[in-house]
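J.: So Swiss-Prot lists these for the protein:
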{"type": "TOPO_DOM", "residues": "1-13", "note": "topological domain 'Cytoplasmic'"}
{"type": "TRANSMEM", "residues": "14-34", "note": "transmembrane segment"}
{"type": "TOPO_DOM", "residues": "35-239", "note": "topological domain 'Lumenal'"}
{"type": "CARBOHYD", "residues": "N58", "note": "N-linked glycosylation site"}
{"type": "TRANSMEM", "residues": "240-260", "note": "transmembrane segment"}
{"type": "TOPO_DOM", "residues": "261-270", "note": "topological domain 'Cytoplasmic'"}
{"type": "TRANSMEM", "residues": "271-291", "note": "transmembrane segment"}
{"type": "TOPO_DOM", "residues": "292-311", "note": "topological domain 'Lumenal'"}
{"type": "TRANSMEM", "residues": "312-332", "note": "transmembrane segment"}
{"type": "TOPO_DOM", "residues": "333-344", "note": "topological domain 'Cytoplasmic'"}
{"type": "TRANSMEM", "residues": "345-365", "note": "transmembrane segment"}
{"type": "TOPO_DOM", "residues": "366-390", "note": "topological domain 'Lumenal'"}
{"type": "TRANSMEM", "residues": "391-411", "note": "transmembrane segment"}
{"type": "TOPO_DOM", "residues": "412-441", "note": "topological domain 'Cytoplasmic'"}
{"type": "TRANSMEM", "residues": "442-462", "note": "transmembrane segment"}
{"type": "TOPO_DOM", "residues": "463-482", "note": "topological domain 'Lumenal'"}
{"type": "TRANSMEM", "residues": "483-503", "note": "transmembrane segment"}
{"type": "TOPO_DOM", "residues": "504-562", "note": "topological domain 'Cytoplasmic'"}
{"type": "COMPBIAS", "residues": "541-556", "note": "compositional bias 'Polar residues'"}
Amino acid sequence: MSGTILENLSGRKLSILVATLLLCQVLCFLLGGLYAPLPAGHVTVLGSLCREDHARQNDTSFLLYSRGAGACIPVTREEVEQDSTKMANELVHVFQMPLPRDLRDLDYSRWQQNLIGVLQVEFGYDSSSELREPPRELQLTIDMRLAYRNKGDPDNGWKLYAHGVEHRYLDCVTSHVGPTETLYSCDMIPLFELGALHHSFYLLNLRFPLDTPSQMNLQFGHMHDLTLTAIHQNGGFTQIWLLLKTMLFPFVVGIMIWFWRRVHLLQRSPALLEYMLIYLGAALTFLNLPLEYLSLVYEMPYMLLLSDIRQGIFYAMLLTFWLVFAGEHMLIQDAPNKSTIRSRYWKHLSAVVVGCISLFVFDICERGVQLRNPFYSIWTTPLGAKVAMTFIVLAGVSAAIYFLFLCYMIWKVFRNIGDKRTSLPSMSQARRLHYEGLIYRFKFLMLATLVCAALTVAGFIMGQMAEGQWDWNDNVAIQPTSAFLTGVYGMWNIYIFALLILYAPSHKQWPTMHHSDETTQSNENIVASAASEEIEFSHLPSDSNPSEISSLTSFTRKVAFD
């Protein structure tokens, strides 16, 4: 039997391979740390006040803008205060993005991929009012109109992108108490999310309709400053990210083809671990496929959802593989039958299934609906927020249970190996050296698996933080977030690349000999190998099942044989 490359590769060649992969890992970290900006950037826009004609209020094609030819005449705060009705149902809050800089109009780039808007609301009451602390979960009704135009379009060439009347719930605190007015500042609320940043300029019109019979927006007094924070993916980070994907994609495809060809050259059906490796490589290939290049030409609002699905498939496959990888090296063969996912691992994978389904349902409820209505958010209602939090907590608990169980399985593997090592002194010298080398290599690989699992969890958390939080310090030479994200992404590719190489079947064939001749022949091999610079841990003859891909898994049978 030939065994795997991990078992038969010489120490020098293995050291060169590991050193090369570690160098590639360092380069992935440096690529993100030295050349990539923060994953997300933002711009803060203070809303401009415009007054609209009553006759155009229900005309969704009528859009007000604050810059350029034909812009509306801005209304000052003093004019609003002097009006007896505070210009109710006449005011439009206008946000034009992006803001100009140094007297030069800026535009969005398609490299920036997506755009998210969150709103900070400030409103006031007359101090004569008895209300001092507003009630919690105030319902605010907003008429929202989002428009766009591109380079070369006239200043008034805005086209409606989406329109909706949505409800948001506010939690506010008192920010200022004056002699005539009390101001309240509210928490940020999600406003819109665009899965594709395809156009050059965007315009947002917000109206807060008042209606006495339905009590619409009557509990808010009058609006003061509205601040919109528009968050986008940084174009420089997207370029580095796609460069990394473009470079890694052909290498993973090539090593998968090479691995599967070597498996099919054997006179047996592929083992479970070999199937899992090729499935894992396929999931990584799907993740590496740089589909984002298409968004530079076509408008693809579903790209965010597609990216989440691709990453979810990879996470599910990676977590499944780790359990099978540890389970197949437990050195316990309960039954002579071939291992299958359903027969041996369905209990182990329950946490993975629950967590992945929870996150998938949450993603469909959020970004799936946003394909038709970019103003929708599951977090905007108390019930929706509780449901979303339930899914996230359920996924988090499942992840914690999974990681603890994976650590337990790896600990059990190490314990079993330790128990079996007590049998090594009774073996022949050649066989003892063979298994000591295999055990050392396997322990190193399992520790690398634990490190990869820990960094994967940390990378997932940092990725989620990058979507919702922003670093306000612009004077940082190396951005840890970008370095970490590119480093973890490179680590996935390097780790799977190494597994496909090390667990590929070796084509080295070793002569079959009788047990009585084994010690003499093996000692001669050791003497001959010692004269060389490379000592290979050759796969010694055994009576193991030909369907096993690692001689370490048949260690127990070897002990009995000796």
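Cβ coordinates are placed from backbone N, Cα and C, and glycine is handled just like the others.
It should be emphasised that the depicted structure is a prediction, and the values quoted were computed from it without experimental measurement.
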J.: For the transmembrane segment (442-462), what are the same-chain contacts with Cβ under 8 Å, counting residues 6+ beyond its ends?
T.: 6, 315, 318, 322, 325-326, 329, 399, 403, 406-407, 410, 413-414, 417, 481, 484-485, 487-489, 491-492, 495, 502, 552
J.: Could you name the stretch, out of 14-34, 312-332, 345-365, 483-503, with the greatest number of CB pairs under 8 A to the transmembrane segment (391-411)?
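T.: Selected stretch: 345-365, with the most Cβ pairs under 8 Å.
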J.: What residues in the same chain, six or more past the boundaries of the transmembrane segment (14-34), come closer than 8 Å to it by Cβ-Cβ distance?
T.: 240, 243-244, 441, 478-480, 482-487, 489-491, 494, 497-498, 501
J.: Are there residues of the same chain, six or more positions away from the residue listed as 'N-linked glycosylation site', whose CB falls under 8 angstroms from its CB, and which are they?
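T.: When sequence neighbours closer than 6 are ignored, the residue listed as 'N-linked glycosylation site' has nothing within Cβ distance under 8 Å.
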J.: How does the topological domain 'Cytoplasmic' (261-270) divide up by DSSP, counting helix, then strand, then coil residues?
T.: 4 helix, 0 strand, 6 coil
J.: Residues of the same chain, at least six outside the topological domain 'Lumenal' (366-390), with any C-beta under 8 angstroms of its C-beta?
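T.: For the topological domain 'Lumenal' (366-390), the sequence-distant neighbours (Cβ-Cβ under 8 Å, at least 6 residues beyond its ends) are 137, 144, 146, 161-162, 164, 166-169, 189-195, 301-302, 304-305, 308.
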J.: When secondary structure is assigned with DSSP, how many helix, strand and coil residues does the topological domain 'Cytoplasmic' (412-441) contain?
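T.: Split by secondary structure, the topological domain 'Cytoplasmic' (412-441) comes out as 26 helix, 0 strand, 4 coil.
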J.: So, in DSSP terms, is the residue listed as 'N-linked glycosylation site' helix, strand, or coil?
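T.: The residue listed as 'N-linked glycosylation site' sits in coil per DSSP, no helix or strand.
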